[in-house]
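A.B. asks: What follows is a structure written as structure tokens; I'll ask about it next.
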Amino acid sequence: MATLIHTLADHSDDVNYCAFSSSCLATCSLDKTIRVYSLSNFTELPYSPLKGHTYAVHCCCFSPSGHVLASCSTDGTTAVWDARDGRRLAVLEQPGASPVRVCRFSPEATYLLSGAADGSVVLWNMQSLKLYRSGNVKGGSLVACAFSPDGNFFVTGSSSGDLTIWDNKMRCLCNEKAHDLGVTCCDISSHPVSDSENGFKYFQMASCGQDNHIKLWHILLADFLGVELKYKCTLSGHSAPVLACAFSSDGQMIVSGSVDKYVIIHETGTGNTLHILSQHTRYVTTCAFAPHGPLLATGSMDKTVHIWQFDIKEPCAGDTVENESKVAVEDWSEDDVSAWLCAQDLSDFVGLFKMHNIDGKELLSLTKESLANELKIVSLGRRSKVLQKIEELRMTMISVSVPDEFLCPITRELMKDPVIAADGYSYERKAMENWISSRRSSPMTNLPLHSLMLMPNRTLKMAISRWLETQQK
């Protein structure tokens, strides 16, 4: 059971990242700020927000002790802050001044890694705050990174779809084409696993990408093999690009967030879906488990960060996922409908719906008239709330059945007036006009747009029209 216990809504633009220490939560945003909250009561610390970046802040992370916070930005810098009083300790300029997309401390805080849009990756010496080593990935932006728990190697992910394993001397140990349309995030479990039968030690890694997939990998360490990256399996559930993934502190769960607005929590060992969380109204851009205690933070382009508390328990036979069953809605039983009502904060209707034998098919057919006349829900406000939740459920079903190329990447709704932007992607005209009115980057790649011109995509508009005609037959 995952329960929403708090919502942070202090950022004035998209939330890009969130990170925990043992006592604090840090969040960063397109609004150029980093905000820091106490985990004891989720109040913002006196020195927050941290200001100094001149453009969007893409990532933030705490050192293992929690005493130092790092943040990186489109302005081409990685800032280092004292997490106890908010003082800025250093500004580290990326070679080439390229927008910095990701930063991460090594487990012993010896190094700070920063990765940029031009493919550059830098290890900074945290004692001297000077550049220690640098390298480069080929053919794409560096958008993801993760250190092994022992600090002996780290993994980077790029917009070209590659995962690369490096040692701390910046030597490439392994390279693998992982995601067809680009990696978006990666994480390594803090619990290595020993294979006593074969004498190997391996680390579990998760990666996600623009191809809608979350992939699990084993990074094998053996004296005679060196380092080997082995594919384990793909986790399903998302219907759109997956932007974030993270392991729980014990390695037993993986959380993911997607353009489809959902957060999914999987069981690592089996790949089973444990929870589906649907409270965000825009893309879910980041998710993180607290290192100690049953907390999860998820951030979104809806400008909010949700804090969830969850129960850690062994899944039982017959358990269903939270919020939505993986069974098609029209095939829901009355119990599935009851579970959905509880998840939507409509638990006081469970008895009424059971009395009228409302299953999935009946639920989808409910109207304002049937709610008033047959179910006798007198309050207009209550009827409206139920109808709104049913309509959201219907839209979710539609968004899954509509071909993905017909959905606007910004709104995830069927396009009526598709246009082609300078990044080569198609968007709903009004949504893209609103987007570029406040920023000059691509919604899909985060890279600068060299032109703000929008060209009508008549071919796509005709294809959508033909598809709609087939649905009406």
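Yeah, the Cβs are placed from backbone N, Cα and C, and that goes for glycine too.
Heads up, TrEMBL stuff is auto-annotated, nobody curated it.
Quick paste from TrEMBL:
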REPEAT    50-91  repeat 'WD'
REPEAT    100-134  repeat 'WD'
REPEAT    146-167  repeat 'WD'
REPEAT    235-276  repeat 'WD'
REPEAT    277-311  repeat 'WD'
DOMAIN    332-396  domain 'SAM'
DOMAIN    401-473  domain 'U-box'
A.B. asks: How many helix, strand and coil residues does the repeat 'WD' (50-91) contain under DSSP?
C.D. replies: 0 helix, 23 strand, 19 coil
A.B. asks: Roughly where does the domain 'U-box' (401-473) sit in mean pLDDT, to the nearest integer?
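C.D. replies: PLDDT averaged over the stretch: 85.
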A.B. asks: Sequence-remote contacts (6 or more beyond its ends) of the repeat 'WD' (146-167), Cβ cut-off under 8 Å?
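C.D. replies: For the repeat 'WD' (146-167), the sequence-distant neighbours (Cβ-Cβ under 8 Å, at least 6 residues beyond its ends) are 104-108, 110, 113, 115, 119, 121, 135, 137-140, 173-192, 203, 205, 207, 209, 217, 219, 227, 229, 445.
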